[in-house]
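Inspection log for the structure reproduced underneath, given as structure tokens.
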């Protein structure tokens, strides 16, 4: 058996270690002990290097580039089976790493402004999805699962993404001067700001931050009102809202920028009402007082009002 009985003293030390708020210690603990996280980091890092080299050696639309992509995914799958890692996690990490490596190489060496803009957008997309998995692992390990990358977020999410790609290339063909590096840099600042805010929310909320709404209150479920939560009640949603609109500013997509803002606003307005209804049920007057003092963070969204 791989399992051992632990003394009460050892179990107590483990519980104290798990309560340690130091993000560095959380990182080291997870990386050393969690095979799935270790596999994701290794697969993502190795695939990033291969994707970088493949984009340097071949055209990204060439057969050789896609053949290398296939080899990377098969290698990630084989390594996962051999090392007893989760194969779905390894393959997703390898997929993201390969695309990110290619994107950063193309964005850095191309003289074509359109290629630079789109490559930087793709790189930011990859970083968002990969860091969603990593931050979940470091701050809320028990919630970690293959879909923590959010690659399978929803059909609507990918329809929106493909629509933005189509708008970018259609407008780049008919109105090439409308796609500017200036807007790319402005959008990048908004995107990075949103990403930073969302990740801070994950760190400050810890095990209270999940990708799905909690249907019941756990014994350790606490109301987080400190850190970024002292300034807005839903910093994770605010961050994602800014990130999503920022990506469209990066692409100089006027249609999708407006559509993303409108659809995201409606989505979060409805979700915040549902979430706060449960939070009031969980925490009662404590949440009502917090709700009265701190705004939601999303413009013109009040949340659940009794």
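First residue shown is number 1, and so on along the chain.
The backbone N, Cα and C atoms fix where each Cβ goes, and this holds for glycine too.
Taken straight from TrEMBL:
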- 11-20: compositional bias 'Basic and acidic residues' (COMPBIAS)
- 1-20: region 'Disordered' (REGION)
- 64-81: transmembrane segment (TRANSMEM)
- 93-111: transmembrane segment (TRANSMEM)
- 117-138: transmembrane segment (TRANSMEM)
- 150-170: transmembrane segment (TRANSMEM)
For the transmembrane segment (117-138), could you work out the same-chain residues 6 or more beyond its ends whose Cβ comes under 8 Å from its Cβ atoms? 23, 26-27, 30, 34, 37, 40-41, 44, 89, 92-93, 96-97, 99-100, 103-104, 106-107, 110, 144, 148-151, 161, 165, 168-169, 179, 181, 184, 188, 191-192, 195, 199, 202-203, 211, 243, 247, 250-252
Looking only at residues six or more beyond either end of the transmembrane segment (93-111), which have a C-beta under 8 A from one in the stretch? 39-41, 43-56, 60, 65, 69, 72-73, 75-76, 119-120, 122-123, 126-127, 129-130, 133, 149, 151
